[in-house]
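What follows is one structure encoded as structure tokens, with my remarks underneath.
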Amino acid sequence: MQPRWAQGATMWLGVLLTLLLCSSLEGQENSFTINSVDMKSLPDWTVQNGKNLTLQCFADVSTTSHVKPQHQMLFYKDDVLFYNISSMKSTESYFIPEVRIYDSGTYKCTVIVNNKEKTTAEYQVLVEGVPSPRVTLDKKEAIQGGIVRVNCSVPEEKAPIHFTIEKLELNEKMVKLKREKNSRDQNFVILEFPVEEQDRVLSFRCQARIISGIHMQTSESTKSELVTVTESFSTPKFHISPTGMIMEGAQLHIKCTIQVTHLAQEFPEIIIQKDKAIVAHNRHGNKAVYSVMAMVEHSGNYTCKVESSRISKVSSIVVNITELFSKPELESSFTHLDQGERLNLSCSIPGAPPANFTIQKEDTIVSQTQDFTKIASKSDSGTYICTAGIDKVVKKSNTVQIVVCEMLSQPRISYDAQFEVIKGQTIEVRCESISGTLPISYQLLKTSKVLENSTKNSNDPAVFKDNPTEDVEYQCVADNCHSHAKMLSEVLRVKVIAPVDEVQISILSSKVVESGEDIVLQCAVNEGSGPITYKFYREKEGKPFYQMTSNATQAFWTKQKASKEQEGEYYCTAFNRANHASSVPRSKILTVRVILAPWKKGLIAVVIIGVIIALLIIAAKCYFLRKAKAKQMPVEMSRPAVPLLNSNNEKMSDPNMEANSHYGHNDDVRNHAMKPINDNKEPLNSDVQYTEVQVSSAESHKDLGKKDTETVYSEVRKAVPDAVESRYSRTEGSLDGT
């Protein structure tokens, strides 16, 4: 059995669950709406740097429940959530202590209630002013040529920050050096500034600039502490020995000294210059010395420079040297001599003081007196100089360049004759003189005209290039410094081979040739060097029917007493050794026709006409003979002759009927007809002649009843010999013979 307190606890637990369930059911039935949301900034949307800023978000929510709903408020800066809170209050705040430039931006607030949300408009927070930067230095004392490191920072702000640091001289407004740097990751920069020679007391000024949105915020300038500058070394000083007037021959000492401070880490370099030439220098001490025997050329301006990595100090002095004697002068009567002429050299000093003279050619002494004379040869060309000495002072004269010119030998001219020269081909003509002083000027003459010039400073031949198109003559002209006239070479004759060009074929007579006449074909070339090989071809024949080689520019082929066989198309080719075998020039096609001669045509016509006339005569003769024969054979046809006809198996037709009988044709039975005796014989191949005859019949025919006169036609046929002539007759008058 459970205790009583346990039973009571169980009861209250059930009541609590019931209330929670009812509350949950009631919440599901309530309705919510967000009327409006708003946002404010205290004290304002624009605030001074370092002040406090409070952002407030307001939410006006309506509900059917008597209990305010719980909602979320979200704070955004530049669309980035930075604060989120759940609350049943209508207002929530976000506090920003000591606002800075980086707090500037676009802010908004979003309220969410049961999956419903509403966002305020965007508000711009602008923080004005940049805190003054802090400036610190790595040292308060510096030496010339050293470095000062300046640290400029804005601890309150965030990067990026743009810093400007200026180097100032105390009590001077002008900025000696200005440097700028943009720090993207840190709110400070460290810059190095050199300490220069003119610097004494320095200070540094720093300024910071920060970009906020589209606005640039600039801080006030902050000055650093003062930096005292000390010299690392002093200005150099000159010491000249001997003092006073310095005469040539004395020993000259020029010394430059400095003082170096204890702060310097190393010695600077000391340099002594005469004009721009360095005459002495030292890197490991506080002085540099230049020692030399004094000569007048040592007079001039001397400069001493003391240089470290960043500092340079300079001082100058002028040194004058008194001349002991003037510079000697070397003279020559001629500087250009022909080989074999006399060379004269003379050395002198203005004022003619006694001195020791020496004349030298390059490094060789040729005379130890003032004068030098000899017959010039090629080896005497060179540079001569004279030296004059008094005590320890030795001076050199000016130099004299002597050129002894050797006469040129006759130039040789040649060309590469290994191959024949073809028209248009480039050839190299060489000109060379074996002996003679350089330089040598060469000229190449082509048919007595200057083609090209060349100057050679060596013994190599001059090479000229040309492209001859015909036989040509070359000559070489050589010249140098010698007074002799120009030298001419022998004449070089170059034979140029011209390739065959433009082959033409022609016939000397008309293209129409009468048979029996000669055909003469000409193959000619426009240009070409001999010997030239000519070949004559007939079209469609691979081999030439005639060929010849000649030095002439034309060749002929003759066919005597041409016939019809020579009719056709012809062409020719021509080439010489300058033509390539693959491209032999060829002529065009020439067509030749062969016709009969007029007298032959006349003879044939006469023969044909004679034959025709003979045939006509024979035909006429036969005709007249037959006609005469026919007239000489009258025949009288009478009745007693009828049996004869009947004996020949011929029948007579009705005398009252007219009948025409044709050879080889049988008329109607009613007609009178006569047939040959032998029907098996061939028909007569004679002409038919009709003869009118008078016939008297011996007896009357029993069937003839008429008694009138009729004309009897007799058909006479010419038969083979011994053939029977048939007669057809009709009688006139009475049939009884009266």
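Glycine residues also receive a Cβ, built from the backbone N, Cα and C atoms like all the rest.
Among the features that Swiss-Prot reports, compositional bias 'Polar residues' is placed at 686-698. Sequence annotations record features per position, and here Swiss-Prot assigns domain 'Ig-like C2-type 5' to 424-493. Among the features that Swiss-Prot reports, N-linked glycosylation site is placed at N52, N84, N151, N301, N320, N344, N356, N453, N551. Per Swiss-Prot, region 'Disordered' is recorded for 658-715. Annotation source Swiss-Prot lists region 'May play a role in cytoprotective signaling' at 721-738. If you look up Swiss-Prot, you'll see 688-693 marked as motif 'ITIM motif 1'. Annotation source Swiss-Prot lists topological domain 'Extracellular' at 28-601, citing sequence analysis. Summarising the annotation, Swiss-Prot assigns transmembrane segment to 602-620 and lists sequence analysis as the type of evidence.
Recorded features from Swiss-Prot, shown on the structure.
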{"residue": "N52", "record": "N-linked glycosylation site", "Cβ contacts under 8 Å, 6 or more apart": "F95, I96, P97, E98, V99"}
{"residue": "N84", "record": "N-linked glycosylation site", "Cβ contacts under 8 Å, 6 or more apart": "Q72, M73, L74, F75"}
{"residue": "N151", "record": "N-linked glycosylation site", "Cβ contacts under 8 Å, 6 or more apart": "R134, V135, T136, L137, D138, F188, V189, I190"}
{"residue": "N301", "record": "N-linked glycosylation site", "Cβ contacts under 8 Å, 6 or more apart": "K274, D275, S316, I317, V318, V319"}
{"residue": "N320", "record": "N-linked glycosylation site", "Cβ contacts under 8 Å, 6 or more apart": "M245, I246, S299"}
{"residue": "N344", "record": "N-linked glycosylation site", "Cβ contacts under 8 Å, 6 or more apart": "S332, S333, F334, D371, F372, T373"}
{"residue": "N356", "record": "N-linked glycosylation site", "Cβ contacts under 8 Å, 6 or more apart": "Q368, A388, G389, I390"}
{"residue": "N453", "record": "N-linked glycosylation site", "Cβ contacts under 8 Å, 6 or more apart": "S441, Y442, Q443, L444"}
{"residue": "N551", "record": "N-linked glycosylation site", "Cβ contacts under 8 Å, 6 or more apart": "G530, P531, I532"}
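Residue counts for the domain 'Ig-like C2-type 5' (424-493) under DSSP (helix as H, G, I; strand as E, B; rest coil) come to 0 helix, 38 strand, 32 coil.
The average pLDDT computed over the domain 'Ig-like C2-type 5' (424-493) stands at 91.
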